[in-house]
Amino acid sequence: MEPIPINAPDSVRNLKLLQWVRETAELCQPDSVCWCDGSVEEYDRLCNEMVASGTFIKLSEQKRPNSYLCRSDPSDVARVEDRTFICSIRRQDAGPTNNWVAPKEMKATLNKLLAGCMKGRTMYIIPFSMGPLGSHIAHIGVEITDSPYVVTNMRIMTRMGRAVLDLLDEEAEFVPCLHSVGAPLEPGQQDVPWPCNDTKYIVHFPEERSIVSYGSGYGGNALLGKKCFALRIASSMARDEGWLAEHMLILGVESPEGEKDYVAAAFPSACGKTNFAMMIPPGEMEGWKITTVGDDIAWIKQGKDGRLYAINPEYGFFGVAPGTSEKSNPNAMATLHANCIFTNVALTPDGDVWWEGMTDTPPDFLIDWQGKPWVPGCERPAAHPNARFTAPAHQCPVIDENWENPDGVPISAFIFGGRRGDTIPLVYQSANWYYGVYLAATMGSEKTAAAAGKIGDVRRDPFAMLPFCGYHMGDYFNHWLHVGRTLTDPPRIFGVNWFRKDENGKFLWPGFGENMRVLKWIIGRVHGRAAAVESPLGWMPRYESLDWRGLDGFTRDKFSTLMSVDREAWKQELFSHEELLEKLYDRLPKEFTHIRELMLSTLWRSPEHWELAPERYTAEH
C-alpha cells in the first residue's frame, strides 16, 4: 500500500509533528490530508461544503449575518463523563473521581478503533494556541480531526492556523490531540449530516500530554482544546510546573474613580457563570463597570511581583443557549449578532434561531432541534437543553481591553459558589488562604430534577473541577495550598450563594446585575476599605457595608436572614463533607482535618442561630 501523502506546507519544521501526522494518516487511512491555515477563505469554504452536505443551515443574512445552524445526532448531544478516561501510568494518580484504564490497554483498544476510521474522509490538521500567541502563559496544541464541524468551531474557539505553525520550530513542544467521529465511508457510501459512533472514548494521557477522542462530534468531546486540553491535560501540566488551570471566569471591575481590579470565579454548571462574567451593574451604581476577560477557563501563573496573573486561553464563547436572553444576559445576546455557529437550537420561519428562555412568549411555529415542526404546547423542547452557541469573544461589547494581554491580568480575588437553597450565606470572606481552599474544596450544588438522586441532595463539586481535574483530587487540593505558600500577595478568597430561599421557597436575593453590590464589597475588602463582621465562617458584610441604592425594598431583616448561620445546619454541613474527604483520604491535605475541627469548635462557641444583629458577637474590621 502506498503511503498517504501528508502534503505538509514547507513552513512546517517540527519533526515530532511531521512524524505524528504521518503515523496518524497511516493508521486512520483518510482519503486526503488538509493543513488548516485559519483563513477566512478556508472557513467560508468549509461552511459552504457543510451547507451542501446538509450539516449546516445558513441563517438569514438580515437576521444573523454569516451564521449557521447545525443539528447533531440525538445520541450525541453532551459530554460523556462515563466514557471519559484519565490514563495515568499509575491508577492512584488518576484518583477515585476519574475513570482509569492502564495506558497500554487503552492504546490497544483505541488503535483497533482508529484503524481505517477516516476512510472516505479528509483528515484536517489544526495547529492552535491556547492563549495569546507568544504568551509565556499560553501553550500550543495540534488537533487532527475528520470533522469540518470541529475545524470551523476551533477557528472561533482558538487562535489557529498558519501563525501557530510558524511558532512551532524544530524542537517546540505541543499537545497532540487526535479526534475522529468514528464513521468511515466505503466508496460510494452516502454520508449523514452528523456522523458519530455509538462507541465513544475521550481519553487523556497526562504523562504524555496527549488526547484521543473517538466516536463523538459534540463540542466538549470533539473540540479538544476546550475541557480536554485546557483543563484535564493543563491541570496536570500546572501541577508539575507550579501554576493553575481552572474552570473559572475572569472579569474586570472598574470603580467610578478609575481603579481597576480583576476577579476569577468558579461556579458549577447552572449557577450563572456566563451571566456573572458579562454582568451589567444596576443603573444606580453609576460609574461602576464590568468587563469580560473570559467566561469559562482561566490559566493562572505567578508574576515576578508575587501576584497571580491569569489569561483566558480561549478565543471564543461556547455557551449554553437556553436561558440566555436580553433580560438575563444582554451582553451575551449582543455577542451573538453575527459570525456564530448554533448547535441544536430551534429555527424560525424567517431564518433566525430561538431557544427556551430567549423570549417570554415562544413563536407560533418553529422547526425544532431535531428538524421537526414545533408549536407552543407540543410538550417537547424546541431547543435541546444543552444547545450551544459558538461566538467570537472579540464581539462581546464588554470585552476587557487586556483580554489578549500576553502577560495576563493580576487577580485580586477568587470567588467560589454553588446553588444552595439554605445554610450558605450570600457572601463571606475566608479567614486566610487555607480556609479559602477548604471552602472551595467542599463547595457544591443541590441536585436539580435533571440529575440523578433526590432533589435537594448536595453534589460536591470541588472548585467546580470535579469532571475536569486531570489527576487525583487530593493532590489538586495540596497543589492549591502549595501555590498559596509561594505567593507574597495572594488573592483574597470569598464564598457566595445567590440562591438562598425563604420559608416559602422564594429566592431571597434578586441576583443577576444586583450581584454587583456584593462584588463592590468584595473589591472593598481587597483594598482594606469595606467594613466586615467576624462570623463563625469568616468575615461578612454588615447591612451598611453594601450599596443599597435602587434596591430600597431590601430590608435589614431580609438581609439578616440571608446572612444568618444556623449552628445545627452548619454542623450537618461540615459532617456531610466527610463523604468526599474520606474518598480522598490517603492524599487529603492534613490541614483540612484541622480546619474542619476549628470550624466545628467555632460553631460550638457561637449562638444557636448566628445573625449580624447582636453586637456582642461581632468585631468590626
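Every residue, even glycine, has its Cβ placed from backbone N, Cα and C.
In Swiss-Prot this protein carries:
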{"type": "ACT_SITE", "residues": "Cys271", "note": "active site"}
{"type": "BINDING", "residues": "Arg79, Tyr218, Gly219, Gly220, Ser269, Asn386, Ala387, Arg388", "note": "substrate binding site"}
{"type": "BINDING", "residues": "Lys227, His247, Asp296", "note": "Mn(2+) binding site"}
{"type": "BINDING", "residues": "Ala270, Cys271, Gly272, Lys273, Thr274, Asn275, Arg388, Arg419, Phe512, Gly513, Glu514, Asn515", "note": "GTP binding site"}
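Feature map: annotations from Swiss-Prot on the structure.
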residue	record	Cβ contacts under 8 Å, 6 or more apart
Gly219	substrate binding site	Asn153, Lys226, Phe318, Thr343, Arg388, Thr390
Ser269	substrate binding site	none
Cys271	active site	Gly417, Gly418, Arg419, Ser445, Trp498, Phe499
Gly272	GTP binding site	Trp498, Gly511, Phe512
Asp296	Mn(2+) binding site	His247, Met248, Leu249, Lys273, Thr274, Asn312, Glu314, Phe317, Phe318
Asn386	substrate binding site	Val77, Ala78, Val320, Asn344
Ala387	substrate binding site	Val320, Ala321, Pro322, Phe342, Thr343, Asn344, Val345, Trp355, Trp369
Glu514	GTP binding site	Pro282, Leu551
Review point. At the level of the C-alpha atoms, what whole-angstrom distance separates Arg79 (substrate binding site) and Lys227 (Mn(2+) binding site)?
Key: 10
Review point. Which chain-mates of Lys227 (Mn(2+) binding site) that are at least 6 residues away have a CB under 8 A from its CB, listed by sequence?
Key: Arg79, Gly220, Pro467, Phe468
**Study point:** Fewest other C-beta atoms within 10 angstroms, as judged across Arg79, His247, Arg388, which are the binding-site residues
**Key:** Arg79
Study note, to complete from the structure: Looking at the binding-site residues Tyr218, Phe512, the one with the fewest other Cβ atoms inside 10 Å is Phe512
Practice item. Can you see whether DSSP assigns Arg79 (substrate binding site) to helix, strand or coil? Key: coil
Point to revise | Collapsed DSSP category at Ala270 (GTP binding site) | key: coil
Practice item. Starting from the Cβ centroid of Arg79, Tyr218, Gly219, Gly220, Ser269, Asn386, Ala387, Arg388, the recorded substrate site, name every other residue in that chain with its Cβ within 8 Å, sequence order please. Key: Val77, Ala78, Phe318, Val320, Thr343
Practice item. Taking the recorded Mn(2+) site as Lys227, His247, Asp296, identify the other residues of that chain whose CB atom sits within 8 Å of the mean position of the site's CB atoms, giving them in sequence order. Key: Lys226, Ala230, Leu231, Ile297, Phe468
Exercise for review: Between the Cα atoms of Tyr218 (substrate binding site) and Ala270 (GTP binding site), find the distance and write it as a whole number of Å.
Suggested key: 19
Practice item. Could you tell me which three-state DSSP class Arg388 (substrate binding site) falls into? Key: strand
